[in-house]
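Right, one structure below, let's go through it.
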Amino acid sequence: MSERGGSSETVRRAWRFASLSLAYAIGFVIFYVVAVRTAEGQRIDAGSLGVLGWLRGEAWLAFYEGRSVVLYGLLAVAAVAALTAALERRWTPVLLSIILVAVVAVASVGMKAVLPRPDLGDFAYAHNTFPSSHAAIALAASVAVIWCRPPWMSRVLVFVLAALVAYVSLGSVLSFAHRASDTFGGIVLTGAVSCALAAFVRTDVAPVSRLRRGVAIGSALAIVVASLYLLEAIGLFGGGDHMTQLGVAIVLGVLGLLGSVLAVHRPLGVQPQVKAIGSSADAPNEAL
């Protein structure tokens, strides 16, 4: 690739991340305005505390109590990954990871205290719980691991990270700690901040793997289907079990948003490697 071609691709990469950051930021505003600032939004959001009742028994509630442990575990993994990157003198991912986790933590915790929640009816908790700091920080820690690319980085690790973040996010709703919009807000908050930071990084652009492309497409489809189930749950398409429809919308929405964020991030400060034909080894930049 020529120097001019590489520079052009870097600019396009920056614009893509900037556009994604703006999209996630708009999503954050929409979730807040609709779910928190309108009576109908508050009513539907409160309904999320009653979905999937078979996953809310005593044993399940005890299982969800591990959310904080998993969150601290993800932060510990991110810290170790940052340390390994620092030992390799890859300061860009270390610095950006620290900024990402710090900004997301302060913003997600602070917004719950600052953002107003009008009293528009008896819809579950009267105090503001938007956004979910558990979901936001857990996802930020996972993105930090991807950016720092420790020696033990692999596609399996990324899927494990995604599963743990999904557990924290969905567990926050199923344990009655948060409404669904809180979890969605936490995820898109991290998406907005992480993509904004990634837009400022000048790095070589690696080829997009089929797995990464598949995750991105699958995530987009999950978000679309979740939106349709949500419209069905509010009665736009007629009858049916609205609570089940709302539950499906929440699960697919969380998984789709998580996948959309994780699929766009790659290791920073490492040389892209192209997998040789017939090779089964994972290249560092193809960790997802």
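A Cβ is built for glycine as well, from the same backbone N, Cα and C atoms used for every other residue.
Residues or ranges marked as transmembrane segment in TrEMBL: 14-34 (among others).
Long-range contacts of the transmembrane segment (69-87) within the same chain: residues 93-94, 97-98, 101, 134, 137-138, 141-142, 144-145, 148-151, 161, 164-165, 167-168, 269, each at least 6 residues beyond the stretch ends and with a Cβ under 8 Å from a Cβ of the stretch. Look at TrEMBL and you will find 69-87 (among others) tagged as transmembrane segment.
Summarising the annotation, TrEMBL assigns transmembrane segment to 94-111 (among others). Among residues of the same chain six or more beyond the transmembrane segment (94-111), those with a C-beta under 8 A of the stretch's C-beta atoms are 75, 78, 81-82, 85-86, 130-133, 136-137, 139-141, 143-144, 147-148, 186, 189-190, 193-194, 197-198, 201, 268.
For the transmembrane segment (131-149), same-chain residues at least 6 beyond its ends with a Cβ under 8 Å from one of its own Cβ atoms are 28, 31-32, 67-68, 70-71, 74-75, 77-78, 81-82, 84-85, 90, 93-94, 96-97, 100-101, 104-105, 107-109, 111-112, 157-158, 161-162, 164-165, 168-169, 172, 177-178, 182-187, 189-191, 193-194, 258, 261-262, 265-268, 270, 284-285, 287-288. According to TrEMBL, the feature transmembrane segment maps to 131-149 (among others).
For the transmembrane segment (156-177), same-chain residues at least 6 beyond its ends with a Cβ under 8 Å from one of its own Cβ atoms are 48-49, 51-52, 55-56, 60-61, 63-67, 70-71, 73-74, 77, 129, 132, 134-135, 138-139, 142, 145-146, 183, 186-187, 250-251, 254-255, 258-259, 262, 287-288. The transmembrane segment annotation in TrEMBL covers 156-177 (among others).
Annotation comment: TrEMBL describes 183-203 (among others) as transmembrane segment.
Long-range contacts of the transmembrane segment (215-237) within the same chain: residues 44, 47, 243, 245-246, 248-253, 255-260, 262-264, 288, each at least 6 residues beyond the stretch ends and with a Cβ under 8 Å from a Cβ of the stretch. Here TrEMBL flags 215-237 (among others) as transmembrane segment.
Within the chain, the transmembrane segment (243-264) has long-range Cβ neighbours (under 8 A, six or more residues past its boundaries) at 17, 20, 24, 44, 47-48, 50-52, 139, 142-143, 146, 158, 161-162, 165-166, 169-170, 173, 180, 183-184, 187-188, 190-191, 194-195, 198, 212, 215-216, 218-223, 225-227, 229-230, 232-233, 288. What TrEMBL records for 243-264 (among others) is transmembrane segment.
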Contact set, same chain, for the transmembrane segment (183-203): CB under 8 Å, 6 or more residues outside the stretch:
10, 13-15, 17-18, 20-22, 24-25, 27-28, 31-32, 92, 96, 99-100, 103-104, 107-108, 130-137, 139-140, 143, 169-170, 172-173, 250, 253-254, 257-258, 260-261, 264-265, 268-269
